[in-house]
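The structure under discussion appears below in the form of structure tokens.
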Amino acid sequence: MMMARKQDVRIPTYNISVVGLSGTEKEKGQCGIGKSCLCNRFVRPSADEFHLDHTSVLSTSDFGGRVVNNDHFLYWGEVSRSLEDCVECKMHIVEQTEFIDDQTFQPHRSTALQPYIKRAAATKLASAEKLMYFCTDQLGLEQDFEQKQMPDGKLLVDGFLLGIDVSRGMNRNFDDQLKFVSNLYNQLAKTKKPIVIVLTKCDEGVERYIRDAHTFALSKKNLQVVETSARSNVNVDLAFSTLVQLIDKSRGKTKIIPYFEALKQQSQQIATAKDKYEWLVSRIVKSHNENWLSVSRKMQASPEYQDYVYLEGTQKAKKLFLQHIHRLKHEHIERRRKLYLAALPLAFEALIPNLDEVDHLSCIKAKKLLETKPEFLKWFVVLEETPWDETSHIDNMENERIPFDLMDTVPAEQLYETHLEKLRNERKRAEMRRAFKENLETSPFITPGKPWEEARSFIMNEDFYQWLEESVYMDIYGKHQKQIIDRAKEEFQELLLEYSELFYELELDAKPSKEKMGVIQDVLGEEQRFKALQKLQAERDALILKHIHFVYHPTKETCPSCPACVDAKIEHLISSRFIRPSDRNQKNSLSDPNIDRINLVILGKDGLARELANEIRALCTNDDKYVIDGKMYELSLRPIEGNVRLPVNSFQTPTFQPHGCLCLYNSKESLSYVVESIEKSRESTLGRRDNHLVHLPLTLILVNKRGDTSGETLHSLIQQGQQIASKLQCVFLDPASAGIGYGRNINEKQISQVLKGLLDSKRNLNLVSSTASIKDLADVDLRIVMCLMCGDPFSADDILSPVLQSQTCKSSHCGSSNSVLLELPIGVHKKRIELSVLSYHSSFSIRKSRLVHGYIVFYSAKRKASLAMLRAFLCEVQDIIPIQLVALTDGAIDVLDNDLSREQLTEGEEIAQEIDGRFTSIPCSQPQHKLELFHPFFKDVVEKKNIIEATHMYDNVAEACSTTEEVFNSPRAGSPLCNSNLQDSEEDVEPPSYHLFREDATLPSLSKDHSKFSMELEGNDGLSFIMSNFESKLNNKVPPPVKPKPPVHFEITKDLSYLDQGHREGQRKSMSSSPWMPQDGFDPSDYAEPMDAVVKPRNEEENIYSVPHDSTQGKIITIRNINKAQSNGSGNGSDSEMDTSSLERGRKVSAVSKPVLYRTRCTRLGRFASYRTSFSVGSDDELGPIRKKEEDQASQGYKGDNAVIPYETDEDPRRRNILRSLRRNTKKPKPKPRPSITKATWESNYFGVPLTTVVTPEKPIPIFIERCIEYIEATGLSTEGIYRVSGNKSEMESLQRQFDQDHNLDLAEKDFTVNTVAGAMKSFFSELPDPLVPYSMQIDLVEAHKINDREQKLHALKEVLKKFPKENHEVFKYVISHLNRVSHNNKVNLMTSENLSICFWPTLMRPDFSSMDALTATRSYQTIIELFIQQCPFFFYNRPISEPPGAAPGSPSAMAPTVPFLTSTPATSQPSPPQSPPPTPQSPMQPLLSSQLQAEHTL
């Protein structure tokens, strides 16, 4: 119903007549009062439809047309409006005017002949078919406009708008207008229709006229006035709506807004529309080449465009568009101008950089000069049309050359003047820099390390400050400081080399004591080169420590002359001389699978490693071969993307030994993964023999697949990568360039670069060199070492040329890159000589460890350091080895003119005389010396060959029978880290056997060598004593293959096997490895030896052996012989300085004197020998305040628990030696609490308590042990050396502390290493008050183990096992079961049941060694634990007895050893390893020796 009512309501319609002054020009003036404009704006308010010109002068035809229709009024049409009360209405608008004839200029005659005043007041208007009026142009062209007739041809007027023009009209008097209006109003009032006064043209209004109009309105009753402006569209609608409100009384009264307030609102509306339109134009129009037609079409539908066109019209919109286009063009030209002006100084610098050429030229002349330059057209372009900014050149974006007519502008002239001034200033600044640098070089106050603040006052003046900033001088000063500091460091390094004897005499290790560092500073303190670094004490100390590291760990990399180390030069010379290897080397290369193999780890998360591996494989051949420098290599890739601590992601495996690692990243997260993985990998190998992963060559690569080398993120990643590469000391490769190819992470050039670097590193580590066989070494008659000094001013090529160019020179069989073979006639026979050419620092390690028949030592006569190194080297050479000194000079003239050369030549000659060596000098200017020069020396070597070899054999066997600790204290005695350019021990790659020989095939050659050696000795009467003495040593010592054990006497007829093994061990040590190869890192021969139990080097006392001691403590203690001289250099093996010797105590030399060192024969050698006896070997940690106390105790005689009491000489020697080794104070030592890593900082309620307190009947296994074993079995069963390699002590302590606080600790979450967890588990058992295997049970276990029958023995052990306390039995069963599972993975982890038993028996049993029986039972303890691990199913799970591996009847391990000593019979058996010394005569085990050996092999 409501809807129907609304539809029935009819829209009201009002007819309004607009009237005002009209007539001829005489009455209204030159223009009308604006009635037509008012009607036009109201009916058609759009700016484009608004017309200002509406003429009233018409022709007769126009007046008679259908629009005017012979009437003096116009029908404007119908308008629909919504008034203020939102009610819509319709209005018909009529304008009463008076049309003038264009001929007579008098009003046209119409049907109504009344005057205008009466005609205008008419309320009934009729005109048939009268059309709606638009504008003057419509007249006569009605068909071109919309034709809409006045409704019904008649209208009834409802109200009047009475217009008054308040502008200053031409030829019109305002007072006359008011009179006309007054008369018109009176006539209108008669109609009783509403009237509203409309003031038109208020935008041009006169204030007086407006005021008079308002006064007129006030004189009339209820006459309202509306101020309007049709042109500005102000209050037009208000005038009509006000009239409608008067017509319809029911409507609300309209508020009349003053003109200026309405104008302000209208202006704001227009301004807003304009802003929006301009924004639209700027968004759409970007180029100054756009045109209005296309842009207006684009904007047609935009409301911003529509609103502005409605208010201001299309023409104004177009005008704004053209202004925007002009602005764009201007901005474009200015940008181009700035670019040209910015490039102009660069053009000046390129074309006229010389001030002398243009110093006095004007800009015009300089312009002509520019045209003559060859590169003129590269910088400038000459245009046909000018100026350039009005030509099409502005749109030629590809041509960036400068328009030459720009030079005519003022800015270009200014830039030219600026260029001249810049050149002049640069010349002056260069002069100032040069003068400042001269001041620095001549000033005596500028010393290395002096801060700028201190130096400034000495060298600065006002002129310097005037021309340059202080930062420039600081930069020059910094560079100068760097130069003089580098020079001072080089000189200081030379000083350190000149004092080489001091460093070697002090026997420095990796961590020198404060006392030794003090001695170094005291000795060097008065040297000017030492004082030169006074202000750089930290760097000076660092250089000293670096030099100490070089002395202790001499390699090509640590060599002060690196990369010009002699070893590298020699390798290059020898390798280039023998390009084509011998047949034997070819055969070895073919048989060695790693000779041409590169193992590469690729590390990168999120698929980076896998993708790069695929890309590299795509560059390889079908069989994964890669060509480098024309040679094909086998490439083995191992991509890793996960946790490197997991076995599946380990860097190395038993079958994969990495030679290098590519580290990939493409984000901060992947870079963090690389850093964490490298650190974890390095941590996991610390303390292991195969810790070469710490020095694994790394290459860090930023993967940038698209080759994009821009962007802040990429630059940030590059900077971070460079920082990490510097931290890791590895190579950093920039991202691949864009031209590599789509989808590539790295290009082939970079891959080749990486692989070449790996090959170089691999060669340096000698990973590709083959090991010399014993047969190869046996073929050599003499082994000579030629020593050269790194950094000497001579060419190694000149020295080696006579050797390498000799027809007798051949490649070395052993594959060494430093050795050659010579066949020279010496005497009546030809001798095969192996000549090894090494640097001095490489030669130090072989003086005692390798068989050398003679040394040829070179030194430069004009370099002090060269002779000093020679002296240091000769100090530790035995006096039986011939020496050839060779001095290198610059010629006879230089020797005469140079005092230093003369002095050093004289000193070298005197040294040669004192040591009975040979001396010669060779001028460096001499093209080549001749090899015959050394023939007298070679004859000396041949004469002394037998005694040298006999002495070397003696020393090696004696060393094998003494403590292993003595070998590792001094760098002279074979530095443990001395591996310069020589082959590393291969034993780090594969687990060493527990037998003395792994390959039986080498035994026959050994026996032949023994026979040969015997016959040589028999023919030499002068060596009878040495041979007898040598055999005596063998009869009294057994070489310990695992760790030092007590020396024991036994008869040859009973224990030939042990003797033969001892002799062969000495042979193997001296001959089986490559000649001249230094010892590797600390490498106990027994792989299963726990690293945390390896005895560290001791000071002052000689360690006889180390055994687990004190059952209540579980510590590793050392029994020492304090009779050994304390100041013998500890590890150098020199017997000459010993008052007595553990090897030769009680014997007297009767025939031949024992060899001594050259230091004792030459007064010029060992000038710092006094410091040698002043300090014990050790670091600060070992040389604490206890040293004084120990010295006092040693000087007071034989005191203390471990002192060895001397016995009478008539006592049985075997008994005396045993008791010397094992004699302890009869007073039993007081039990001491076991030092625990977990008790250091807190009291634990879990560790170190009785086992019964941490288990319950429901949980018989300690939860800590359960967690550790679960973690190890989940992640570590494949870890190489598990339980052998100790974990980090601090991590083990942290693990126990955290577990003590939280028994629910998740080991996997904490990311502990497997070795840390394994070590913590062993520590748990070590800290128990009583061992897991009770003491009472240990005696029974040993008795059961003595049973010969294997099956009976196992059942007896099982019966003893049943007597264990329940808690101990359950935990023991759990641990042994775990170890059994570990041993099943021995192919991967290399831990057999035997290895595991060696690691675990001291932890599980902790025997007391206060008695001889307990000591000799150590082998039994280990074997018992091994049986428990092997036969775990039988002992704990009622399974049948399993057969041991490798015990088949007739196998070598099941046969008794029968090899006689020093015979040529080939050895065919392989005896059980002597893990402990053989039983003594006092031991109850002696009668069972043979049967026990047989039984143990059977087991």
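Cβ coordinates come from backbone N, Cα and C, glycine included.
Lifted from Swiss-Prot, the feature list:
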BINDING   Lys28, 33-37, Leu52, Ser56, 95-97, 201-203, 229-231  GTP binding site
DOMAIN    270-327  domain 'FF 1'
DOMAIN    485-550  domain 'FF 4'
DOMAIN    592-767  domain 'pG1 pseudoGTPase'
MOD_RES   Ser770  phosphoserine
MOD_RES   Ser773  phosphoserine
MOD_RES   Tyr1087  phosphotyrosine
MOD_RES   Tyr1105  phosphotyrosine
COMPBIAS  1124-1141  compositional bias 'Polar residues'
MOD_RES   Ser1150  phosphoserine
MOD_RES   Ser1176  phosphoserine
MOD_RES   Ser1179  phosphoserine
MOD_RES   Ser1221  phosphoserine
MOD_RES   Ser1236  phosphoserine
DOMAIN    1249-1436  domain 'Rho-GAP'
MOD_RES   Ser1472  phosphoserine
MOD_RES   Ser1476  phosphoserine
MOD_RES   Ser1483  phosphoserine
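Non-local contacts of Lys28 (GTP binding site) by the CB criterion (under 8 A, 6+ apart in sequence, same chain) comprise Leu21, Ser22, Gly169, Arg172. Each of the binding-site residues Leu52, Gln96 was scored by the other Cβ atoms within 10 Å of its Cβ; the lowest score goes to Leu52.
Each residue in the domain 'FF 1' (270-327) gets a DSSP state, and the totals come to 47 helix, 0 strand, 11 coil. Taking the Cβ of Ala230 (GTP binding site) as reference, residues of its chain lying under 8 Å away and at least six apart in sequence are, in sequence order, Gly34, Cys37, Leu38, Asn40, Arg41, Phe50, Thr200, Lys201, Val236. Helix, strand and coil residue tallies for the domain 'FF 4' (485-550), in that order: 52 helix, 0 strand, 14 coil [DSSP]. Cβ neighbour count for Lys35 (GTP binding site) (all protein chains, 10 Å cutoff from its Cβ): 25. In the three-state DSSP scheme, Lys35 (GTP binding site) falls into the helix class. Averaged over the domain 'pG1 pseudoGTPase' (592-767), the predicted model has a pLDDT of 75. Non-local neighbourhood of Cys202 (GTP binding site): Val166, Ile210, Glu227, Thr228, Ser229, Val234, Tyr259, each in the same chain, at least six residues away, with C-beta under 8 Å from its C-beta.
In the three-state DSSP scheme, Leu52 (GTP binding site) falls into the coil class.
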